Each structure stands twice: as C-alpha cells, then as structure tokens.
Amino acid sequence: MRDIDSVMRLAPVMPVLVIEDIADAKPIAEALVAGGLNVLEVTLRTPCALEAIKIMKEVPGAVVGAGTVLNAKMLDQAQEAGCEFFVSPGLTADLGKHAVAQKAALLPGVANAADVMLGLDLGLDRFKFFPAENIGGLPALKSMASVFRQVRFCPTGGITPTSAPKYLENPSILCVGGSWVVPAGKPDVAKITALAKEASAFKRAAVA
C-alpha cells in the first residue's frame, strides 16, 4: 500500500480528470501513462467515475486515485473501486479521522493555516493547496510553507503549463494538479500523450 507522499513523488503533474463517457477512460489512461504521467486523479463528479476508475487501474503502470472525495462514504466507495489514493477539495475532522483509521492515502485540500493545523492535529502533513490561483497562488503558498516546514503541498486550481514549473521550483511542492493535459471534449490521444510528455519533464526542487 502506497502512502500519499510516495504517490506525490511519482510524477511532477497529477492530471485531474473528469470522465464523462466511460468509453474514454481506457484511452485517456493509456495516453497519459505513455506520456510519463502515471498518477491519475479521477474526480467523483460524474455517474461513471467509479467504473472509470476500475477500468483505468487495469492499464499497466497507472496509479489511480479518486478526486472530489467529500466524506467517509465516498472514500469507502472509491477504496472498493480499487483506488490507491484519495483527494478531497477540503478537510473535515470526520474525513481525516476516517482516512487515518483506514490507513488511506488521503490528500486533503487546504486553503489557509487553520486547515493545515487541523490536518496536522489529525496526523496528516501532505495537502492539496486549493484552489491555488484563487487564494493567492505561489506567493500565498510560499508564506504558508514558511510556517509549516514539515508540510508538503500539491497546488491545484488554475495551474497552467506556464505556471507549473514555477510552482515546482519551490521545495515545499512535490507535484501540481492540473486539468490542461486532458483538454475538454472527445479525447485526442496523440495530443494528450504529447502534453503528458511535456509535463512529465518538468523539474522539481523537492524531488531529486
């Protein structure tokens, strides 16, 4: 069983995926893995999300997790579908305690110091900084990281292929989350693979 730190270190960019059509699940996963991005966050925002997770985890090399996990029940459902990690937009005590009890690799969302302190109280120290660009971007994250030196982040929300490398220069950032690698609409496998190759080459100060 992987912990969330090891998941975050696998690739510089974690694609944030919204699967609308179950037929797209396998080709998207294959294209991303072929491009060097093997950590796939499938958001639980569509009716076919859990089924998509089951399909994508069968793709060799794919490490599949669930995003938009809002409560303990959703975490359990994602775990049953075979997820290796779980991402939430925020953090509640109930969700955090449940994840710790289940030894689940949870990456909870934080937006301020109080959120981080709650996570630390629950035994968590890896967080999704969300929605990154709307809450001050890299300057805000740098300020937060200077206070919580043991914490590592995955900023998500408004990250672009232009801004991602700047975030990854910060040693408190293990990876970034982004949706740009899978543009909306019917998947263009060649384009997804090309975007993934570009993103997988981003350098990280926090990961040798």
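Just so you know, the numbers here start at 1 and follow the chain as drawn.
A Cβ is built for glycine as well, from the same backbone N, Cα and C atoms used for every other residue.
Residues annotated as active site, proton acceptor in Swiss-Prot: Glu41. Under a cutoff of 8 A between CB atoms, and with a sequence separation of 6+ in the same chain, the neighbours of Glu41 (active site, proton acceptor) are Met14, Pro15, Val16, Leu17, Gly65, Ala66, Gly67, Phe85, Val87, Gly177.
Classification of Lys128 (active site, schiff-base intermediate with substrate) by DSSP places it within a strand. Per Swiss-Prot, the feature active site, schiff-base intermediate with substrate maps to Lys128; the stated evidence is similarity to another entry.
If you look up Swiss-Prot, you'll see Arg45, Thr68, Lys128 marked as pyruvate binding site. In the three-state DSSP scheme, Thr68 (pyruvate binding site) is classed as coil. Around Thr68 (pyruvate binding site), a 10 Å sphere centred on its CB holds 20 further CB atoms from the protein chains shown.
As annotated by Swiss-Prot, site 'Plays a major role in determining the stereoselectivity' applies to Thr156. Its Cβ taken as reference, Thr156 (site 'Plays a major role in determining the stereoselectivity') is surrounded by 25 other Cβ atoms within 10 Å in the chains shown.
Here the recorded positions are Arg45, Lys128, and the one whose Cβ sees the fewest other Cβ atoms within 10 Å is Arg45. Across the structure, Lys128 (active site, schiff-base intermediate with substrate) and Thr156 (site 'Plays a major role in determining the stereoselectivity') are spaced 7 Å apart at their Cα atoms. In the three-state DSSP classification, Arg45 (pyruvate binding site) falls within coil. Residue pair Thr156 (site 'Plays a major role in determining the stereoselectivity') / Arg45 (pyruvate binding site) shows a Cα separation of 16 Å. For the recorded pyruvate site, residues Arg45, Thr68, Lys128 set the reference point as the centre of their Cβ atoms, and the other residues of that chain within 8 Å of it by Cβ are Val16, Glu41, Thr43, Leu44, Gly67, Val69, Val87, Ser88, Pro89.
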